[in-house]
Each structure stands twice: as C-alpha cells, then as structure tokens.
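This structure is in structure tokens; I'll ask about it shortly.
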Amino acid sequence: MASPATQTANAIAAINNRSNLVIPEIDFTQHQLENGEIVSTTERVIKDVQAPAMYVPTDDQFWSKVDKTKPDIAFLKNHFYREGRLTEEQALYILEKGGELLRSEPNLLEVDAPITVCGDIHGQYYDLMKLFEVGGNPADTRYLFLGDYVDRGYFSIECVLYLWSLKMWYPDTLFLLRGNHECRHLTDYFTFKLECKHKYSETVYNACMESFCNLPLAAVMNKQFLCIHGGLSPELHTLDDLRSINRFREPPTQGLMCDILWADPLEDFGSEKTNENFLHNHVRGCSYFFTYNAACQFLERNNLLSIIRAHEAQDAGYRMYRKTKTTGFPSVMTIFSAPNYLDVYSNKAAVLKYESNVMNIRQFNCTPHPYWLPNFMDVFTWSLPFVGEKITDMLIAILNCCTKEELEEEDEEFPLNAPEPTDAESAAERRQIIKNKILAVGRMSRVFSLLREESERVSELKSISGSNALPAGMLASGAEGIKEAIQGFEDARKSDIENERLPPDIIDPDEDKPASPSASPIMPATPEEIPSEIPYDSPITGTPRTPISSAIASGSPGSPGTPTSPSIGGPPLTAWRPGHGRRTSLGTTKTSPSTRRRSLENTMHLIRDVVGGKDAQGDGQLERLAEVISSPTKGGQGE
C-alpha cells in the first residue's frame, strides 16, 4: 500500500504531465448548428428577421406632421412592431391625454352601428395588428373593445400605448371598456407591472393604473345589445344601475362593479338544473355565474336583444349561447380576440362585425412574435447557473485528476520526505477535513445544477389537474417537447384554470403595502365570414380545482337586504341569498410570473438542504471519490 506522501507525489506528477497537452485553437466567430450548418457569430443568424429598434424616437419622429398635439400613428405602429420603446415623457403624454378622453365619457356608452366588437387582447400586440387588418382600418371603422388589454402576453404596454393613441385620433369612433385585468391587483400579480418596470419605469405603470380607472364600464350598441367585459349581477336591474357606479377607483371584490367585470354564464347555461338566477362563481373565486333565466329576465326588463361579453377564452374565438324564447336571438355572446392564447391554447380569435342589422363573425389566427425569456430576464442572468455548474464540474474534474491505480503506483523518483502521521486520531481528523472539502465542492455543484433547473422552470405553468397527466411547465415554456404534451384547447384551459381566479393579496419585496384593491386609493389565418352562431347546447367545460391557500382579506358587507357579491369561498354552485357575506379566499394561483417570490423561497429552501447535506439526491460517486482521496488506506477496497 502506497503511503500518503507517495500518493500526493503521484497526483502532482499526473497534473504536470497533463499540463503539456496542446489546447486546440477555436474560431469563436463561427458556430456549427446541430444540423451541421456553419453560421457567423458576428452577424444575425436569421437575416430576414428585422432587427429590433435600438433607439427611442425623436420628437420629430414621434409627433404627427398633420397635428403636432398627437403622436404619429403610422410611426408608432411600425416602431412597436420592431419592439421599439418611447421616451418616458412620450409614454406619459399618451397615457395622460388618452386618460382625459376616457374620463370625459360616461359609465355607460351609447354606440351606433356599423361597429366591430373585440374581446380580450392580453398583451398580444402582433395579434392586435392582425385584428385591425381583419376588422378594418380604425380611421374609417368604428371599434368597441371589451377590456383586458394587458397581462399574460409580454407586449401589453405596446397595446395600451397604441390603443390610447388611436383614442386620441378617433375619440368618437374608437371606444374602450374596462376589463378585470385593468387594475393594480391583477397587473401586479401577473406580468404587466413587471413589464412596465422593465421597459419603462414604475411611474409609467402608475400612470397606466390611473388611466385604467377612467375606462367606461359598459356600452349599449345600437340600442339593442349590452356590451360588458364579464356578466350580469344580482344588483343589476336596469341600465341606470350602471350609470350610478363610481368607476374612478380600483375595482372592489364584491358588488355590481365587481360582477360586471368578473361574472360568467353558468357552465351548463341554458340547461341548468337549478331555479336560482345567480350561483357562486367557484372558478373565478369571486362574483357569480348567471343563468339563462337571469339573462332572459334582464333582457326583457330592459328591452334588449342580447348580451355581448368577453372574459373567457374560446376555441373558435367566440360562442353563441341559447336563444331567447321571445326573440330567437342568442341571449349571450362571448368574443375572445387573443389567438393561440399564451402560445399554447391553439385557439382562433374572432371579432364581431355588426352592420345593417347583420352580424358576422370574422375569425383569424395568430401572428408570430418575438421571444422573451421568462419575466423579461436577460441572457446573462439566465445563463449564470449553467456557467456555474460547468465551473464546478471542472473543479471536481481537477480533484479527480488521476485514478486510484495512479495514486497507488510506487515510484522511487519521488522522495518520501513527508513524515508519516504517528497519531491515528490526528490522521483521521485530516482525512475528514479533506473529505468535507471535496463534499463541499460537490454540494456547490449541486447548487448550481439546482439553480439551472429552476431557471429552466421559471416560466413553467404547473399543471394541477388531479391526474397529473400533463407535465409541469407546459403553458409558458418555450420547449417544443413540453408543448406537444398538450393535445388541444381543453387541455390548455384546464391546466390554466387556476389563473382565472381572483389572485390573493401579495406583497412586493420592494414595497411596504400589499398590492390589493383595498390598498389602492380611490382615483378621480385568412379571415373568413362564417355563420353567426354555433350550437348552443355544447356546455362550457370548467373543472373546479382544489384550493391552494386562503389569502383575500374581507371587504365591506352590503347593507341589509342588498345583494352583494360573494367574493370567494363556499362550496361550488352555492345560491346567493340576502345577507350573503364576503368570505375568505379559497383559491390562489401558483402559476403566474408573480410566483417568482414563492419560487425563490422554494429554491432557497432546496439550496439550504443541499448545502446542509440533507439533499436526498446527493452524488454517490462524489461521496466515494471523497472517501478514496481522504482515506488512502481504504483506497484498494473501494470501487
């Protein structure tokens, strides 16, 4: 058995011998792709893709040559299409002037036909451009948008600035309603606040929030159709109820304003097995499901033909519900204008064109858009865990520079000057120190590996379908293999169902106050024409999920005998009754980008386990390596 001094000398000799290896020269200006193609690293790989706009516009570019008080619409359209940004002053000007126009409008708009009605946009700017191709040029087409311009998509601020600019140019023909996502609570929980802070500043975000509070809540189209974002409320009897709302504030979590932003038709709308008009909305975690009877009674009471709303993704881009018995017209219509929602729903989008008492649905498919790393992460931050893992792999390789056989070789050329340890206890202590150092390096390698895995999963939307049939991270991951696991619209919808709930209160590490409504002050494919209805007997599917946590604070109860929205809680399909108070939340979502906070805590917990040696996935090979190097007397016995 070779002595420790001999083994040390052998290791040094092995390192010296390997230091003479010639390092091959590498041309870093060229890179070979997986298909064998050689590309230049100093040029754009895909030359036919236009480079992003790397500058902010000058005042001469920004202002219109026709009217110096308004932005140049054509320039903005192209500039945003190239991912360009404005100066903060230019963005704030658009939000201020657009907000003033919105504030001057009533809660309930009255708009005439012909008109094009559009549903949710959700930050899909490139699809918004396609929408205008399908629906018509805003310069000569009347438009009504039903809300949800922001969140989920990564181009929300471009959608807002462009639509607000159009409002400045066409205040009498382009109308914007408020959706449930136009509030501080949801924009902080999802992506819009993060996007504003990344692309502009929190000042721009706050200006957006103030402007959102000016958005009208509803519209009557052609004196026949009520257009709202969500649905009906037990507090909504006549249209005058809408006119009396104080809309210049953050949406409450109960009451009429909440319901018209959050309510949905019942899942089995038109074939209900209940006599109730309103049932607790367990999918949203607040507001109500309204029934066919509730819709028919409201329409008859207000002499209207139908309710046009958005708020729910639709596979075909739209849905017509059961017809009323008196008019034979669909009682409710849902329009959704974000194609291939979240890049995985594979749904079509649609707009509703109403002209000369003829209603046509125009469908369109998604448009390719630039890719963003999760949560607007830069490539250096994204790649750091990968680099760290490789560095620790190199360090471990250095420690394992020679084999056990090389360590055991006897060679008279190396003098044995080092004294043999005489104290067995001291030798054991030294061996333990060496072993601990090697294991520490191994744990650091595990930490970097863990960080890399967590980076890969930052944007992943975890499936919580009881069967776990769908892999975690399918809805926001760019990996094609993960996307292929989703078979269709319903798979995507069921996996994303938790994100349809009213989020819990969350506290930003940079802020002292929770981002909740109560914390915010009150502030003053080729398109084709298709049949205008589809079979209304196909139910909307929606499976309630197990609640994750309770986090919503209680709101103010309604006055005695006044119907109030049950914000959250209770068993599914609980009928409203007088005095039905607000309860705590049954639901939250683990899957939005705001979970960066909770994901970070989880990652730190895992790292502590690894560093503390509690990680069950420890490297057995590293353990054996540490044992061999630190215990030379056992080297011949181990593998």
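Just so it is clear, glycine is given a Cβ too, placed from its N, Cα and C backbone atoms.
So Swiss-Prot lists the following for this protein:
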type	residues	note
BINDING	ASP120, HIS122, ASP148	Fe cation binding site
BINDING	ASP148, ASN180, HIS229, HIS311	Zn(2+) binding site
COMPBIAS	494-503	compositional bias 'Basic and acidic residues'
REGION	494-602	region 'Disordered'
COMPBIAS	515-527	compositional bias 'Low complexity'
COMPBIAS	546-572	compositional bias 'Low complexity'
In Å, rounded, how far does the Cα of ASN180 (Zn(2+) binding site) sit from the Cα of ASP148 (Fe cation binding site)?
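One finds 7 Å between the Cα atoms of these residues.
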Tell me which residues of the chain lie with their Cβ under 8 angstroms from that of HIS122 (Fe cation binding site), as long as they are six or more apart in sequence?
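ASP148, TYR149, VAL150, ASP151, ARG152, GLY153, SER156, HIS181, ALA338, TYR341 - these are the non-local Cβ neighbours of HIS122 (Fe cation binding site), listed in sequence order.
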My understanding is the cutoff is Cβ-Cβ under 8 Å with a sequence separation of 6 or more in the same chain; which residues meet that for HIS311 (Zn(2+) binding site)?
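Listed in sequence order, they are GLY119, ASP120, LEU146, GLY147, ASP148, GLY179, ASN180, HIS229, GLY230, GLY231, TRP262, ASP264, THR334.
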Same chain, not part of ASP120, HIS122, ASP148: whose C-beta falls within 8 angstroms of the C-beta centre of the Fe cation site? Give them in sequence order.
GLY119, ILE121, GLY123, GLY147, TYR149, VAL150, ASP151, ARG152, GLY179, HIS181, ALA310, PHE336, SER337, ALA338
Have a look around HIS229 (Zn(2+) binding site) and count the other CB atoms within 10 A of its CB, chains all included.
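A 10 Å sphere around the Cβ of HIS229 (Zn(2+) binding site) contains 26 other Cβ atoms.
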Counting across all protein chains present, how many other Cβ atoms fall within 10 Å of the Cβ of ASP120 (Fe cation binding site)?
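Looking across every protein chain shown, the total is 29.
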Counting across all protein chains shown, how many other Cβ atoms sit within 10 Å of the Cβ of ASN180 (Zn(2+) binding site)?
26
Tally every other Cβ atom lying within 10 Å of the Cβ atom of ASP148 (Fe cation binding site).
27
Reduced to three states, what secondary structure does DSSP give HIS311 (Zn(2+) binding site)?
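SS state of HIS311 (Zn(2+) binding site) = coil.
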